[in-house]
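Noted in TrEMBL for the protein shown:
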- 18-162: domain 'THH1/TOM1/TOM3' (DOMAIN)
- 35-59: transmembrane segment (TRANSMEM)
- 71-90: transmembrane segment (TRANSMEM)
- 110-129: transmembrane segment (TRANSMEM)
- 141-162: transmembrane segment (TRANSMEM)
Amino acid sequence: MEGYGVDEAVIALKLKDASNWWHDINESTLWQDRIFHILAALYGLVAAVALVQLIRIQLRVPEYGWTTQKVFHFLNFLVNGVRGFVFVFRRDVQNLHPEIVQHILLDMPSLAFFTTYALLVLFWAEIYYQARAVSTDGLRPSFFTINAVVYTIQVKFMFYYFGISVSKVPVCDAGLAELISDWNVADIMVEIYPSFGRPLKGVLCR
């Protein structure tokens, strides 16, 4: 029993040391700067690759205009470029006024990220449908509808958070209201955006 107690004490001491190590790093401004600069460099690398791909495609087939591939690479460049910018200038971003500008810089890249990979799904869905000789007429309207719903939810939620009247924002239909209720979107959004802690009920549909 005595040996068991000593082992427990050693384990507890090691766990405490590990916790202190993480706490020291988490509280260190130098380590925070290093981590954020590394993240900024990685995002910048992805943005650069996307830009190079966009330029290559444009030089190869300039006559086709803005194809799905070009838009995908452009959005990738935009999302990762803004993310890299935010990580490099994060302290300046935190001091921006009005506060809504901060949330636009932090949240809008996430929405653009959603659109980027929804576009990728659309791209492969069109290839699959064409390979099976199925009409693709409904794919693009569905893509735009899904994006419109997601962006509307985010914008109305942001308006509510900052006390801006949402009466001018289009009212969603009963079907969407029922879907929101069934999926318990309020709880999900609070988990995703803890800074927006106010209840979502009554914001998405009035």
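Placement of Cβ uses the backbone N, Cα and C atoms for every residue, glycine included.
Predicted automatically and left uncurated, TrEMBL annotations should be read as such.
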* Asked: By DSSP, how many residues in the domain 'THH1/TOM1/TOM3' (18-162) are helix, how many strand, and how many coil?
  -> 127 helix, 0 strand, 18 coil
* Spatial neighbours of the transmembrane segment (71-90) far in sequence, C-beta under 8 Å, 6+ residues away -> 36-37, 39-41, 43-44, 46-47, 50-51, 53-54, 57, 105-106, 108-109, 112-113, 115-116, 119-120, 123
* Structure fact -> Mean per-residue pLDDT in the domain 'THH1/TOM1/TOM3' (18-162) works out to 86
